[in-house]
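K.L.:
Quick one: this structure, given as structure tokens, is what I'll be asking you about.
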Amino acid sequence: MAKKTAIGIDLGTTYSCVGVFQHGKVEIIANDQGNRTTPSYVAFTDTERLIGDAAKNQVALNPQNTVFDAKRLIGRKFGDPVVQSDMKHWPFQVVNDGDKPKVQVNYKGENRSFYPEEISSMVLTKMKEIAEAYLGHPVTNAVITVPAYFNDSQRQATKDAGVIAGLNVLRIINEPTAAAIAYGLDRTGKGERNVLIFDLGGGTFDVSILTIDDGIFEVKATAGDTHLGGEDFDNRLVSHFVEEFKRKHKKDISQNKRAVRRLRTACERAKRTLSSSTQASLEIDSLFEGIDFYTSITRARFEELCSDLFRGTLEPVEKALRDAKLDKAQIHDLVLVGGSTRIPKVQKLLQDFFNGRDLNKSINPDEAVAYGAAVQAAILMGDKSENVQDLLLLDVAPLSLGLETAGGVMTALIKRNSTIPTKQTQTFTTYSDNQPGVLIQVYEGERAMTRDNNLLGRFELSGIPPAPRGVPQIEVTFDIDANGILNVTATDKSTGKANKITITNDKGRLSKEEIERMVQEAERYKAEDEVQRERVAAKNALESYAFNMKSAVEDEGLKGKISEADKKKVLDKCQEVISWLDSNTLAEKEEFVHKREELERVCNPIISGLYQGAGAPGAGGFGAQAPKGGSGSGPTIEEVD
């Protein structure tokens, strides 16, 4: 039976991270490469699907079919200006499917297209597997984090991605709230504290102000830029070096996707180096038309290239302070989250803005969000550990929610930054005499007129008895649950007739059937990946067996113990298999197993003949030994089942 462990997943734009709360503390779990964060990358090749480090490592060779930044697409429409501007930067293709963006790739020789939810679900599956490998049992319950800025549609789509990955999503929580939980556990001082969380990650930037009082977290304000992060700093470096290459070599590499990709990888590495050193060097062999590109960059130059971006991080800080109605002197703690907060200049700007206040860096910035999500998961699973017992979590609505009233005016029922879950009711009436029905149009946004806000959904309440304008009483209730999902109900008080809508977003929400189909496809892909792994294992087993046999009979210590005829027989057969392998790398598992058996039939009698009564193998012992016979000492090779 699956143990009741729940995990916390930080599903990032560029990197993801998973943690679990057990034995009274949080463990951030390393992946099979030993990394505690995993790239949010999925790659499709002629033979397989790769997720995480394996996908990111081959991106230069396969840029068109390596998908990243799915978080920038999730829950958005194709026509969204953000999607349109991002598409210019991506090497993979995004296509329009009924105003939903889909990523188009070539997988196993055919064109396939995937919704952003499917790509994100593949990353979530990877995170789930990382946790399962560490815990040693299946895991289904998870808390997943999203930027505080995400609207309802983006939250829903993230939840769908979790479902497709086979997870039971206990809750979607804001990243800064998660970081605050991590922080709240680390320090339980008494009295109310105002905390500003500065989260500059690979793709998004969030500033949040929370008050923590006796284990209760309340989000006071959120601000940020959904499009600022480490990748933007990488882009500045890339442009800088593209220009330098032009100056030095009179060639423009910007149209060559592979060269740009290799340059970008080197830039990311240089950027990380510059957080701890004042200079970094780039060495890229044969970058373009056989030209090696060796160069270096100083920290000062990097800061100059990104100065406007770095300075720009302070605007959302000021906005959040205004929204929270706090002065900067009233902030008790500054918390850094996200890998990009390791950049010394970013730290200095923030520190100077707060008049030299110390920054809190005690939490590893890459891991803080997953850490908090893991704690929240433990709370929701009813963990009785005293570390989490007294923690209460209040989240907020990122945008005001309301409906359209006469003249296209936005009437907000739930104000931005209201603590959720929450329920608000207001009474409306008709605009004209004998009006038979009302159209309830639900919007999110801060502008006075609905045309400038975002329509979430609409429904009609009909059958209102004829009456003069202003007489009927229509009671409208907005109810947001802890996941930020909205139910709107309208009731005619005279008849008791009601109608409602659950805003799980007409715009871009996947249907039950689509999710079901994607869950099944995800299972199928997983099975295909498994088949591929077995195939490769069988191929490798055959290859090593052939080479082992070859080196065994060529061993100098065997001179005179094996007849030339036998030796030739083994060598010829091994050579035949090795040649066959070279031209049949894509054969099925069964073919490899069959070839292996064929080779064993030739080799085993000869090799075991050598061992009859010969004791242990001679110098340089064989990498293989007949399954039967032999003295039982020396290495054996197992049949691959």
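Glycine residues also receive a Cβ, built from the backbone N, Cα and C atoms like all the rest.
Look at Swiss-Prot and you will find A2 tagged as N-acetylalanine. Here Swiss-Prot flags 2-386 as region 'Nucleotide-binding domain (NBD)'. The ATP binding site annotation in Swiss-Prot covers 12-15, K71, 202-204, 268-275, 339-342. For K77, K108, K246, K348, the entry in Swiss-Prot reads N6-acetyllysine. Feature annotation from Swiss-Prot assigns region 'Substrate-binding domain (SBD)' to 394-509. Annotated omega-N-methylarginine per Swiss-Prot: R469, in sequence order. Taken from Swiss-Prot, the feature N6,N6-dimethyllysine applies to K561. As annotated by Swiss-Prot, N6,N6,N6-trimethyllysine applies to K561. Look at Swiss-Prot and you will find 618-641 tagged as region 'Disordered'. The compositional bias 'Gly residues' feature in Swiss-Prot is assigned to 618-633. According to Swiss-Prot, the feature phosphoserine maps to S631, S633, an assignment based on similarity to another entry. Residues or ranges marked as phosphothreonine in Swiss-Prot (evidence: similarity to another entry): T636.
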K.L.:
In angstrom units, rounded to an integer, how far apart are the Cα atoms of K108 (N6-acetyllysine) and G203 (ATP binding site)?
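P.N.:
Just about 30 Å between their Cα atoms.
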K.L.:
Average the pLDDT scores across the region 'Substrate-binding domain (SBD)' (394-509) and report the rounded value.
P.N.:
82
K.L.:
If you run through the region 'Substrate-binding domain (SBD)' (394-509) with DSSP, how many residues end up as helix, strand and coil?
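P.N.:
So the counts come to 3 helix, 61 strand, 52 coil.
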K.L.:
Using a Cβ cut-off under 8 Å and a sequence separation of 6 or more, which residues in the same chain sit near K246 (N6-acetyllysine)?
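P.N.:
Looking at Cβ-Cβ distances below 8 Å from K246 (N6-acetyllysine), excluding near sequence neighbours, one finds D252.
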K.L.:
Relative to the Cβ of R469 (omega-N-methylarginine), which residues of the same chain, six or more apart in sequence, are found under 8 Å away?
P.N.:
T429, T430, Y431, S432, D433, Q435
K.L.:
Between the modified residues K77, K348, K561, which lies closest to G203 (ATP binding site), Cα to Cα?
P.N.:
K77
K.L.:
Out of G12, R269, R272, T341, K561, point to the one nearest K348 (N6-acetyllysine) in space (Cα versus Cα); all of them are recorded positions in the record.
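P.N.:
Comparing Cα positions, the candidate nearest K348 (N6-acetyllysine) turns out to be T341.
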K.L.:
Through the lens of DSSP with three states only, how would you label R269 (ATP binding site)?
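P.N.:
SS state of R269 (ATP binding site) = helix.
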K.L.:
Please report the number of other Cβ atoms within 10 Å of the Cβ of K77 (N6-acetyllysine).
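P.N.:
Neighbour count, Cβ to Cβ under the 10 Å cut-off: 17.
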K.L.:
Would you identify which of the binding-site residues S275, T341 has the most other C-beta atoms lying within 10 angstroms of its C-beta?
P.N.:
T341
K.L.:
Cα-Cα separation of K77 (N6-acetyllysine) and R272 (ATP binding site), in Å?
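P.N.:
Distance between the two Cα atoms comes out at 34 Å.
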K.L.:
Relative to the Cα of K561 (N6,N6-dimethyllysine), which of the binding-site residues R269, S275, T341 has the closest Cα?
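P.N.:
Going through R269, S275, T341 one by one, the closest to K561 (N6,N6-dimethyllysine) is R269.
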K.L.:
If you count, for each of the recorded positions K108, G203, the other Cβ atoms lying within 10 Å of its Cβ, which residue has the minimum?
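P.N.:
Output over recorded positions K108, G203: least Cβ neighbours within 10 Å is K108.
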